[in-house]
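S.K.: Below are the features I grabbed from Swiss-Prot:
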DOMAIN    2-102  domain 'FAD-binding FR-type'
BINDING   Arg51, Ala52, Tyr53, Ser54, Phe67, Ile69, Leu76, Thr77, Thr117, Phe255, Glu257, Lys258  FAD binding site
BINDING   Val144, Arg145, Thr181, Arg182, Arg190, Ser223, Glu227, Phe255, Glu257  NADP(+) binding site
Amino acid sequence: MSNLYTERVLSVHHWNDTLFSFKTTRNPGLRFKTGQFVMIGLEVDGRPLMRAYSIASPNYEEHLEFFSIKVPDGPLTSRLQHLKEGDELMVSRKPTGTLVHDDLLPGKHLYLLSTGTGMAPFLSVIQDPETYERYEKVILVHGVRWVSELAYADFITKVLPEHEYFGDQVKEKLIYYPLVTREPFRNQGRQTDLMRSGKLFEDIGLPPMNPQDDRAMICGSPSMLEETSAVLDSFGLKISPRMGEPGDYLIERAFVEK
């Protein structure tokens, strides 16, 4: 158990009946890069039950934040959803992950393409001042089924632009593009379809993606990663083949292989 920190739950927020977020204490020894994940878990029958979770908070915050789906029969999520303030949670000491700035070649626009709780690492990315130093525009696309699943929308549109240190950069550079597939909404449809048709780019006022200007990170279900990668490939972008070898776009490989 020495490779685990024991943290304490500070707060829990239920977005709807399928999604929730929680904040925990953070051991000062835990250092991570924006976009990375850790293993988190609970002790079940005397043994740690751990799963990979992206860190949704920026690396300078004193707490950790996680964004999770509720799976009624999921071994861990069925328990995590009942967390309350003061409960203990185990967090691995070694963060890792492929969604890191250094593995992207320099570019003008950064697309953060996510569905569901796949937005978690990008919440960390859009709170990192380095993101705005590297790019002229940062486009956060969040695809969900129902409007109630657009977690963090108020934080992204109202709180973050007022950040005392880099709020002006957010106002100038961050484009938030929420998408809903199963009920009426201003942006409707699947992001891959809207990218292929060009509508997504028209809506945000940027040209279609090209390998000279555009970089991307993708996080979502295995099928979403596969389909979105195919669209980026068709635009001429090349994936980073492995950690430490930069490319035009990145996917979180850890979640693909599960």
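For all residues, glycine too, the Cβ spot is worked out from N, Cα and C.
Note that the structure is a prediction, hence the values are computed from the model and not measured.
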S.K.: Give me the count of other Cβ atoms within 10 A of the Cβ belonging to Thr117 (FAD binding site).
M.R.: 24
S.K.: Calculate the per-residue pLDDT averaged over the domain 'FAD-binding FR-type' (2-102) and state the result as an integer.
M.R.: 96
S.K.: DSSP three-state call for Tyr53 (FAD binding site): helix, strand or coil?
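M.R.: The three-state answer is strand.
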S.K.: Using C-alpha atoms only, work out the spacing between Thr117 (FAD binding site) and Val144 (NADP(+) binding site) and round it to an integer in Å.
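M.R.: The Cα atom of Thr117 (FAD binding site) is 9 Å away from the Cα atom of Val144 (NADP(+) binding site).
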S.K.: Taking the Cβ of Glu227 (NADP(+) binding site) as the centre, how many other Cβ atoms fall within a 10 Å radius?
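M.R.: That number is 16.
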S.K.: Give the number of CB atoms, excluding that of Phe67 (FAD binding site) itself, located within 10 Å of its CB.
M.R.: 24
S.K.: With Cβ-Cβ distance below 8 Å and at least 6 positions apart along the chain, what are the contacts of Val144 (NADP(+) binding site)? List them in sequence order.
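M.R.: For Val144 (NADP(+) binding site), the qualifying residues are Thr115, Gly116, Leu150, Pro178, Leu179, Val180, Thr181.
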S.K.: Would you count the other C-beta atoms found within 10 angstroms of the C-beta of Leu76 (FAD binding site) for me?
M.R.: 17
S.K.: Under a three-state reading of DSSP, tell me whether Leu76 (FAD binding site) is helix, strand or coil.
M.R.: coil
